[in-house]
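Input: a single structure, listed below in structure tokens.
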Amino acid sequence: MMSHLGPLRCGAWAALLRQPLRPPRALCIRAAGCHSQVAQAVLTSQLKPHEEKPNFIIKVPKGTRDFSPHQMVVREKILEKIISCFKRHGARGLDTPAFELTEMLTEKYEDTFGLMYDLKDQGGELLSLRYDLTVPFARYLAMNKLKKMKRYQVGKVWRRESPALVQGRYREFCQCDFDIAGEFDPMIPDAECLKIMCEILSGLQLGDFLIKVNDRRVVDGMFAVCGVPEDKFRTICTSMDKLDKMPWEDVRHEMVAKKGLAPEVADRIGEYVQCHGGISLVEKLSKDPRLSQSQLALQGLGDLKLLFEYLTLFGIAEKISFDLSLARGLDYYTGVIYEAVLLQSPGWAGKEALNVGSVAAGGRYDGLVAQFDPKGHNVPCVGLSIGVERIFCLVEQKMKASGEKVRTIETQVFVATPQRNFLRERLKIITELWDAGIKAEMLYKNNPKLLTQLLYCEKTDIPLMVIIGEQEQKEGVIKLRSVASREEVTINRESLVAEIQKRLSES
């Protein structure tokens, strides 16, 4: 039996009930080793919740943010696409502690250890929040004596730097890492990492992008033939890493004025860092009179030539640019390095495009695991990291501009009643649905109004509604309502689960 319900008419919404928070009946304070006055102060503040607190502002810490249910839906979809790509390439999941021994981290980051968050000593160990997911992975390999592993990891990291929230730069942010550890033939794992980058960025539909590629051996060789003192390699590399944010003139000034590099040496570096191209540039630099004097640089250029051959076979060579300005400031990189940037950060509906910088990066770090191993056993590694926060900022801007709606719940069926004293029947029905794996909800009231239930379904875009009342109970039937079309069908009570599963599979 089919019927059609016309548009619902309702009065004004009832005012929301607001109940004041109640202080706890009892407050137990464990203050072992604490002065009694401190405990008393804590107790007093807890027992006076309505007392005004001067200069107290409720906010999140600088460089962090909350994510609303709406935003979490978007983030979870982004993460799902990234993780599915990692799994498609055979990676296994891994998780490591949010903090590590400070000594382990400071030795591996050197120039950036001042950006780490140190934890106050509570148990005889000096600890710091992890700066990235790469060093913990290397520690894990060494600690467990693993020689091969293809893993992915998703987790938060912390960096004490100046945040730029509009550009997706935070002090607390999420990283999605993929790494291949083990001794393999040259450039095959490296090429796969670049292929994964392309798959993810293409799948997220962020617009056209380019992946810059270089090699730390080429960088070090370039520094050597240009006349950079060896003890300044790392600090000059850190300056060069800023070329994606600063013009060459400003980077040159930092090298010369702040780091004591000779002006003519900086000018020689400037001649190289403006070069970018494809495999033809690799071949050209291999014959460069100055750069070819460095065996280290020639090794890097040889591997880059092989890399471009594999990238051509993967069908992604046109997305890759050999760029001598790319340095990647982290000290543990030893070979190929890469960084993905959007060619033009998309703006939508008149919105100004966001300048988010790189959206993915990575490289080869062949010596990091050996630094953790007591016997110095080495495990070559290469990997990549996806900048989730920056990607999220772009996707969020796109959705706002297009007016795209996002459901914050996944409920498929709502169990309702138009009459009083049907709580037990609703509980029985919703239990059947849950047990069948169907996502279902009901209002937590003994006697909810039908209009309230209908409006909730329409507001949250729940597709189906189960309605049970006295007449349906007597006849052994139940009403199944399509919320969008407002059409109802009466079905046998025993067929409820099967009918819902059929409709959900067809939608």
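Glycine is no exception: its Cβ is also placed from the backbone N, Cα and C atoms.
The feature L-histidine binding site is assigned by TrEMBL to Asp132, Leu133, Thr134, Arg159, Gln175, Asp179, Arg328, Tyr332, Tyr333. Per TrEMBL, domain 'Aminoacyl-transfer RNA synthetases class-II family profile' is recorded for 63-418.
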- Query: So of Thr134, Gln175, which of the binding-site residues has the fewest other Cβ atoms within 10 Å around its own Cβ?
  - Reply: Gln175
- In sequence order, what residues of the same chain, 6+ apart, have a Cβ less than 8 Å from the Cβ of Arg328 (L-histidine binding site)? Asn214, Arg216, Asp241, Ile337, Glu339, Ala361, Gly363
- So which one is it: of the binding-site residues Asp132, Tyr333, which has the fewest other Cβ atoms within 10 Å? Asp132
- Message: Assuming the binding residues for L-histidine are exactly those in the record, Asp132, Leu133, Thr134, Arg159, Gln175, Asp179, Arg328, Tyr332, Tyr333, what is the maximum CA-CA distance in angstrom, rounded?
- Response: 21
- Message: Restricting to the domain 'Aminoacyl-transfer RNA synthetases class-II family profile' (63-418), what is the model's mean pLDDT?
- Response: 90
